[in-house]
Amino acid sequence: MDRTCEERPAEDGSDEEDPDSMEAPTRIRDTPEDIVLEAPASGLAFHPARDLLAAGDVDGDVFVFSYSCQEGETKELWSSGHHLKACRAVAFSEDGQKLITVSKDKAIHVLDVEQGQLERRVSKAHGAPINSLLLVDENVLATGDDTGGICLWDQRKEGPLMDMRQHEEYIADMALDPAKKLLLTASGDGCLGIFNIKRRRFELLSEPQSGDLTSVTLMKWGKKVACGSSEGTIYLFNWNGFGATSDRFALRAESIDCMVPVTESLLCTGSTDGVIRAVNILPNRVVGSVGQHTGEPVEELALSHCGRFLASSGHDQRLKFWDMAQLRAVVVDDYRRRKKKGGPLRALSSKTWSTDDFFAGLREEGEDSMAQEEKEETGDDSD
């Protein structure tokens, strides 16, 4: 594991000084510095073991950066311009040696992580622009396109293992169950799709929701499936109850464009209004704001291999890092308070939009409000 995800080392208590070394000490930040791109990034992924971040932008360029909390140490390692149109998604292989990218040009590329060299190109992998990518294991990956097509690929073979088109609109996002048997798809037609990739067959589509389904993830140890939507609502499905929603939760957001789980109960959402919200699932609550891309839509979110950093890309052409360490602990151990309806979102860090102490705000609430909330909570914990 790289040092950025480790605890900061204690300072050496020695009084000895090197007379030849008079340089100012390196500044250590809470998070790595922002990365500025020439175009918005629509694909974002962290390396599974090293402090590397990959991004693919709307011009078709792919970048890999090394990131660090030491000021001035976040750097571009290489870039690739092999895609002819926008790069829609990127993903590292399980061993971290390869980077897979998909594009509006309908191609799948496999790049070497160390040098950025193109090792394999699958041209015209789909008949329509590819919009989403998910790695199943070291050899198998799934792709979804703008017309609802789903393909399953084995990198050791030519051609797709599975090619299905059950959705009527674009595939926005995909997720996998822990057994790697069922592929879940969120589509612009408002339906959650279920595909059995072990038997290579279609299972079912859920009832259509009123807006596009833009994201999908498993929560609550696989017992719940959460889907974000273009109307700003999170739809919840019970596992093995995919036909209809079990619950829904409307955020005060124009839309939910991307979503990433932080714990089994907490996820972060990115919206058109530029705000990154931390949301607790069952009980359903907006915990507060992790950060924002001021006035610009959030395009993609990714969580680092150690879980400490959330990275976000926005239409402001910046990649930003947000510290998740304290938030993860509070949600799991301490967070029991209900946010007042109609009030502003609570800032979860000094980087959000204020320097207020979010945790002090929680501590100041009285015990009576906690008791009242616990009494009311039975109405929130729907199955």
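Cβ from N, Cα, C; glycine included.
Of the listed residues (Ser80, Ser206, Ser354), Swiss-Prot tags Ser354 with phosphoserine; the rest carry no such note in the record, though that does not show they lack it. Remote same-chain residues near the repeat 'WD 7' (293-332) are listed as 1, 4-5, 30-51, 53, 55, 65, 67, 257-263, 265-266, 268-276, 278, 280, 287, 348-349, 351, 359, 362 (criterion: CB distance under 8 Å, separation of at least six residues from the stretch ends). Counting residues per DSSP class in helix, strand and coil order gives 8 helix, 18 strand, 14 coil for the repeat 'WD 7' (293-332).
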